[in-house]
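For reference, the structure discussed in these notes is given below.
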Amino acid sequence: MKEIFLQISNRQDLSQDQVQAVFDRILKNEVSESQIASFLMGLKIKGETSDEITGIVRALKSHATVLPETFTDAMCNCGTGGDQSYSFNISTTACFVLAAGGIRMAKAGNRSISSKSGSADVLEVLGINVAASPEILSKALDEVGLAFIFAQTMHPAMRFIGPARQALGIPTIMNLVGPLANPLDLETQLMGLYRVELQEIVANAIQQLGRKRAVIITGPDNMDEAALYGTNTYTLLEDGHISQHTFTYEDLGMEKVELSDITGGDAKENAEILLSVLRNEASPYLETTVLNVGLGFFANGKAGTIKEGVELARQLIADGSALEKLRKLQEVQV
């Protein structure tokens, strides 16, 4: 580690291979907590690069639990979190609608860290076994076209990094790595990101990881979701090209929804919100969900524009298809 620390202290970027080698040791519990904290803080001060992000992701995937069946067409819409918006579980709600639209969703997530209810917490209330075995996850992906991929189950070696992250108490490169470390080789991705200035770096990492198409979204006030107030900024990876764009609720012909109107609660309250959306009950929650689903369909290529994606989202909720996906997952991922 001495040579690595020296290189970082000289503000020299690390190669993918260097970072992957360091994390391979970390994930084998061969590096002390203080060294891990120093490494993460050093990268943060220097400024993280796409190669460094990719190196960590590849190390994590090499230590991840493997599913018995291979899927090459999956998508994830997991975000970084950490935006302090305290909104309801938007991407978790959206994943059922995306799956209803024919996209195989490998929805990664975790328990609450900075909010009252993480994706794992709300799905548990709904009777879904978030810690299901790899065999059950494969069955769900095959039969339902949707599975919840629990970070703690699929990345057990991450426990060696947790204490250092908690001791630091600030966002590090690990916040960027989480949504990218899905154990499946994703074809497409919608990733919420809490800092606009990191979008290009993350987009380059996503490209290196082999995604066919992806959108990285940062909402107003650095939300890691799209919102119906202010300006949303997204970076699109398409056909090997990376470009940045903006849009507002007015561009889509939608009504304004303030952040205070989509505040979430605890896991039980957020489960009720999720159900109300899938039942097509009119609310700011429904409007925010269809916006993010529309963006997901655009990220996947299922819709040519975000607006087309929003219309498809409305249809799938209105006809009960999205709610049916939840019912099927409740039957299979148990």
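Don't overthink the numbers, they just go from 1 along the chain as shown.
A Cβ is built for glycine as well, from the same backbone N, Cα and C atoms used for every other residue.
Per Swiss-Prot, the features are:
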type    : residues                                    : note
BINDING : GLY79, 82-83, SER87, 89-92, 107-115, SER119 : 5-phospho-alpha-D-ribose 1-diphosphate binding site
BINDING : GLY79, ASN110                               : anthranilate 1 binding site
BINDING : SER91, GLU225                               : Mg(2+) 1 binding site
BINDING : ARG165                                      : anthranilate 2 binding site
BINDING : ASP224, GLU225                              : Mg(2+) 2 binding site
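If you take the CA of ASP224 (Mg(2+) 2 binding site) and look 10 A around it, the binding-site residues you hit from GLY79, ALA108, ARG111, ARG165 are GLY79. The closest partner of SER91 (5-phospho-alpha-D-ribose 1-diphosphate binding site) among the binding-site residues, by CA position, is GLU225; the full candidate set was ASN110, ARG165, GLU225. Put simply, of the binding-site residues ASN110, ARG165, GLU225, the one whose Cα is nearest the Cα of SER87 (5-phospho-alpha-D-ribose 1-diphosphate binding site) is GLU225. GLU225 (Mg(2+) 1 binding site) and GLY79 (5-phospho-alpha-D-ribose 1-diphosphate binding site) are 8 Å apart (CA-CA, integer value). Here the binding-site residues are SER87, SER91, ASN110, and the one ringed by the most other CB atoms within 10 angstroms is SER91. Each residue contributes its Cα atom, and for ALA108 (5-phospho-alpha-D-ribose 1-diphosphate binding site) and GLU225 (Mg(2+) 1 binding site) those atoms are 15 Å apart. Over all protein chains present, the Cβ of ALA108 (5-phospho-alpha-D-ribose 1-diphosphate binding site) has 27 other Cβ atoms lying within 10 Å. Between the CA atoms of ASN110 (anthranilate 1 binding site) and ARG165 (anthranilate 2 binding site) there is a gap of 15 Å, rounded to the nearest whole number. Following the DSSP three-state reduction, the secondary structure of SER87 (5-phospho-alpha-D-ribose 1-diphosphate binding site) is strand.
Taking the Cα atom of each, GLU225 (Mg(2+) 1 binding site) and ARG111 (5-phospho-alpha-D-ribose 1-diphosphate binding site) are about 18 angstrom apart. Between the alpha carbons (Cα) of ARG111 (5-phospho-alpha-D-ribose 1-diphosphate binding site) and the residue listed as 'anthranilate 2 binding site' lies a span of roughly 15 Å. Under DSSP, ARG111 (5-phospho-alpha-D-ribose 1-diphosphate binding site) is assigned to coil, being neither helix nor strand in the three-state scheme.
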